[in-house]
Structure formats: structure tokens, C-alpha cells
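According to Swiss-Prot, the signal peptide annotation covers 1-23. Annotation comment: Swiss-Prot describes D77, D395, H396 as Zn(2+) 2 binding site. According to Swiss-Prot, the Mg(2+) binding site annotation covers D77, D179, T181, Q346. Taken from Swiss-Prot, the feature active site, phosphoserine intermediate covers S128, and the record attributes it to sequence analysis. The disulfide bond annotation in Swiss-Prot covers C194-C204, C312-C362. Sequence annotations record features per position, and here Swiss-Prot assigns Zn(2+) 1 binding site to D353, H357, H438 based on similarity to another entry. If you look up Swiss-Prot, you'll see 419-439 marked as region 'Disordered'.
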Amino acid sequence: MQPAVSLIAGAVLSALLCSSAIAAETSANADGLTDRAARGNLVEPGGARRLAGDQTTALKASLSDKTAKNVILLIGDGMGDSEITAARNYAEGAGGYFKGIDALPLTGQYTHYSLDRKTHKPDYVTDSAASATAWATGVKTYNGALGVDVNGKDQPTLLEIAKAAGKATGNVSTAELQDATPAALVSHVISRKCYGPEETSEKCAANALENGGRGSITEQLLKTRADVTLGGGAKSFNQLAKSGEWQGKSLKDQAAAQGYQWVSNADELQAVTLANQQKPLLGLFADGNMPVRWLGPKASYHGNLDKPAVTCENNPARTAATPTLAAMTEKAIALLKDNPNGFFLQVEGASIDKQDHAANPCGQIGETVDLDEAVQKALAFARADGNTLVIVTADHAHASQIVSADAKAPGLTQKLTTKDGAPMTLSYGNSEEESQGHTGTQLRVAAYGPHAANVVGLTDQTDLFFTMRDAMGIK
């Protein structure tokens, strides 16, 4: 019997050692999927390589088609490939990488055109309203529309569908909560400009409560009743309802009467311990958009030639009382995960776009860094949870381009000193107006978790709706 026992013990030990070796190899390969820093000295052969080795096994191991209990969608508004690259160069260096944005293992590109309202033909440069409606509803629409198709017909949003399925829902943005990206999840209006009752009566009369419509974006936000809603836009809640049971009362008073928890600074946000349909959380941390992370000079004509390279500075207006996007994301996840049915959460870094419009490199770069930190929070939760799909993408591409440091560009330029100590010039040149414009270049979309493979290759922005809905197994 002793030899047999020895053989069995040896076989078990061999299996354990083999299992450990496979686990170690898988772990190392998994690390190779997330750590994308250059591996050595950039001047040496292979020094700029980002791959540690073959990643086939690790990619196979990352694939899963099980139902996702939770979905977290993170949007960089205006975050095209140029914006990602510029921010990475500045903050991490040419051989560095973002530990959130660059750490998702499965990556693709998607198209994001909208439709012309009259001809129904493609409009190759979308706005944030049409693009957010595309992933929120799976339907193409015209620029400016929120939650409606090209004919103005209401379309159910993913947040509404997830809520009806019993999931917790969250909506987080650094913009006004009435702005296009957050508004597309919770409202159905023919124009994105209809923030409150006053604008709606003037610009979206058919949507106004007094005309039998659903009401303004802010009124619909309250009625949709996500469990967690965080961002800016407090001033619109001061408007008075013009019709219905709340006529003559402010929307802030209406929120209180409907049981919302209202918080306005970082300490109050952290003190919240519960958010659900009985006590939904409404965090409003600015009258308008929330303050950006970094400040610096705007680009100007031949600014890279006439002015010295700059280093971005912290924005003194963003005090400790203002929660960061990462802090809002982390808190939203902590509150939403208590729902046994899971949750759907959208997070937007809004001012990449707004600072790109303003030709402000430091503002734009700082907001991209902010989004990356939020992505890191989402990924940390998803890795620990094992049942969460995380997707990172943008709504449209934008104006900024990286050009030669001393280029004589026809547009507006500014030179910055990157983490490498090297000069980098950003150029903005697609508009003679005060505001730079969007562009129609396809966008990066990356994912981690169950059903992440569905972002690989070329997809369309509307595919994102079906990918997220089907991953959660809801209809």
C-alpha cells in the first residue's frame, strides 16, 4: 500500500505545482494586460516596448459571457484619441500609461454620426445630445435631441430599463446635470437647451408640463428618480414649476417633498450611508459646471512660438469642499452596490469637451486625468466584484491636435512641458469662431468584465446600448 500512497501523493503534488505554475503565469499575463508602461530605456532596442510578452493566454482568460450584475459606463466628453494621447504625454510621459483608461484589456473603435433632422441622412459630426441618446436608447437621432428619435418620438433609456428591472441606478457628471450626457438618461425633450420650466416653455413648448408634456429636463430628472445623482447645475432647481401639483414651487422644494437627500459639498456626500428609491441622493456641488482640476493659458495664434512652454497649475476654485470625479464615482458605487439586483451607473468627465472648445490645453488635460482616476475606482470595484462590466469611451472626437513643438500652425497653439521634460504643442484650428468644434473621427471604446468582448473591432455608438442591456440580461 505504501508505494500506491506515494504515487498518489506524488500525483497530487505534481498537479498542485502545475496548477500553481499556471496560476502564476495567468497572473503575470493578466498584469501584462493592465500595465502598459514602456519596459526600459527609450533609447535602447526594445526599450519603448509596452508588451511584456505574448498576451494570447491572458486575453482568453479575460473573456466571459456570464450575465453582468452591474454595468459602469464612463464617458470622457470630447475624449478622442488626440485628447487621450496629449493627456498621457503630459501627465505620465511618452512611455507612461493611464492606470484606468489604458488598463482595460479589450479595445475597439466605434462610429458616432448623428442624423439630419429633415433629410434623415447621416450628419457626420455629432453633438453630445445625439451621441448620448444613441448609447442610452440604441437609436440614432438629430443633434440636440435627448431621449427621442429623429421624428421626436420618446425612446426608453437604459437607466429607465435598468430601474424597471429592479436595479439601482446612478448618474454622475462634472457638468450641470441638465447637460446633454447626463440628461439623455433621464429625459425626453426635443432640444437639449430645455433645462428648466422657463427654457422649456420657450424652446420646447411641446414638452412643457403646461402643454401636456413630460416637463423640463430638471423636472424629468426628479421624476425618473435615479438612486444616486451627482454633479453641477443647482441653479436650475431654483426655477418654479408652471403646472401640475408642484405649480408655483421651486424644483428644489419639489425634490425635498419627494424625499430626495440633498447634499452640496464633499463632507455631506461622504456622510450619506444609504441611497435608494425611498431616499434617493441628489448631490449638487455647483450652480453651473463643476470647477476644473488644472488651469493654464489658452492657446493663441503662434502661441507655441511667441510664448514659453508652461506647466499646468491647480485650480484654486476647486477646494476640498468640491468632490472629485473619482470621489463621486467611488461613493456612487458604494451606495448602489447594496441593491441585490445589481446596478447601472453612468459617469461623465464633462469638461474635457468644454476646455477643448475653449482651446485650453491645461483644462482639457486635467479633466482627462480626473476621468482616469474615476476609471481606476470603477476597475478596482469590478476586479474585486467579478460580476461587473466596465466600459470607457467618449461621445465625439474634438479639435485638439499634437503638432511639432515649433510648428507654424494656422490655428491656436500652446506649448507645454511634459512629465518627460520635453516640449509638446497642442493646436486648435477647426473654427474661426470663439468655440472650437467637434470632429467626426471614430472613437476608442474599451471594456473589462463580462461581455467586454462585444466592444472589439468596429462597432457603432448604438451598439453600446445593446451590449450593456444584453450583458445585464434585461429587456
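The backbone N, Cα and C atoms fix where each Cβ goes, and this holds for glycine too.
Tertiary neighbourhood of the region 'Disordered' (419-439): same-chain residues 78, 80, 86, 89-94, 96, 125-127, 299, 304, 309, 356-359, 361, 396-407, 409-413, selected by CB-CB distance under 8 Å and a gap of 6+ residues from either end. Cβ atoms within 8 Å of the centroid of the Cβ atoms of D77, D179, T181, Q346 (the Mg(2+) site) belong to the same-chain residues I75, S128, A132, S173, A175, A180, P182, A183, A184, E348, A350, D395, site residues excluded.
Here the Cα atom of C204 (disulfide bond) is found 15 Å from that of D179 (Mg(2+) binding site). The Zn(2+) 1 site is defined by D353, H357, H438, and by the 8 Å test on Cβ atoms against their centroid, the other residues of the chain that qualify are D77, G78, S128, K354, D356, H396, H398, A399, S435, Q436, G437. For C362 (disulfide bond), the nearest of the recorded positions D77, S128, D179, H396 in terms of C-alpha separation is D77. Of all the disulfide-bonded residues listed (C194, C204), C194 sits in the most crowded Cβ setting, with the most other Cβ atoms within 10 Å. Here the candidates are the recorded positions S128, D179, T181, C194. The one whose C-alpha lies nearest to that of H396 (Zn(2+) 2 binding site) is S128. In the structure shown, the C-beta of D353 has more C-beta neighbours within 10 angstroms than that of any other entry among the binding-site residues D77, D353. Comparing the Cα of D77 (Zn(2+) 2 binding site) with the Cα of every entry in D179, T181, C312, Q346, D353, these being the recorded positions, the smallest distance points to D353. Residue counts of the region 'Disordered' (419-439) by helix, strand and coil are 0 helix, 7 strand, 14 coil (DSSP-based).
Comparing H357 (Zn(2+) 1 binding site) with the residue listed as 'active site, phosphoserine intermediate', their Cα atoms are 13 Å apart once rounded. Of all the recorded positions in the list S128, C194, C312, D353, D395, the shortest Cα-Cα distance to T181 (Mg(2+) binding site) is found for S128.
Of all the recorded positions listed here (S128, Q346, D353), D353 has the Cα closest to the Cα of C312 (disulfide bond).
If you draw a 10 Å sphere around the CB of T181 (Mg(2+) binding site), it holds 29 other CB atoms from the protein chains shown. Spatial neighbours are here defined as Cα atoms within 10 angstroms of one another, and by that definition the neighbours of S128 (active site, phosphoserine intermediate) among the recorded positions C194, Q346, D395 are D395.
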